[in-house]
Amino acid sequence: MNTATGVIALLVLATVIGCIEAEDTRADLQGGEAAEKVFRRSPTCIPSGQPCPYNENCCSQSCTFKENETGNTVKRCD
């Protein structure tokens with residue numbers, strides 16, 4: 001088996017595996033197990049001290065104006 005044949009075989013294998021995984025995470029309109037796989041995310045709240053562009057999504061549920069290291073006033077999660 002030469003290099004080109006090996007590369008083609010790996011591409012075919014990757015495509016087959018990708019199709020199998022895509023089937024496993026197909027959208028489930030009833031909100032079942034497949035939907036949980038598709039919408040699996042990391043925590044969405046913003047930790048304390050980080051900039052908060054909106055008054056929501058802070059882990060503390062509070063966002064206030066604070067002075068940063070350059071002297072500008074920015075909104076940060078409490």
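Glycine residues also receive a Cβ, built from the backbone N, Cα and C atoms like all the rest.
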(request) Using the record from Swiss-Prot, pick out the residue from Cys45, Cys52, Cys77 that is joined to Cys59 by a disulfide. (result) Cys45
(request) Measuring Cα to Cα, tell me the gap between Cys45 (disulfide bond) and Cys58 (disulfide bond) in whole angstrom. (result) 5
(request) Could you check what DSSP calls Cys77 (disulfide bond) once collapsed to helix, strand or coil? (result) strand
(request) Write down the Cα-Cα distance for Asn68 (site 'Critical for insecticidal activity') and Cys58 (disulfide bond), rounded and given in Å. (result) 18
(request) Pull out the disulfide-bonded residues from the set Cys59, Cys63, Cys77 whose C-alpha sits within 10 Å of the C-alpha of Pro51 (site 'Critical for insecticidal activity'). (result) Cys63, Cys77
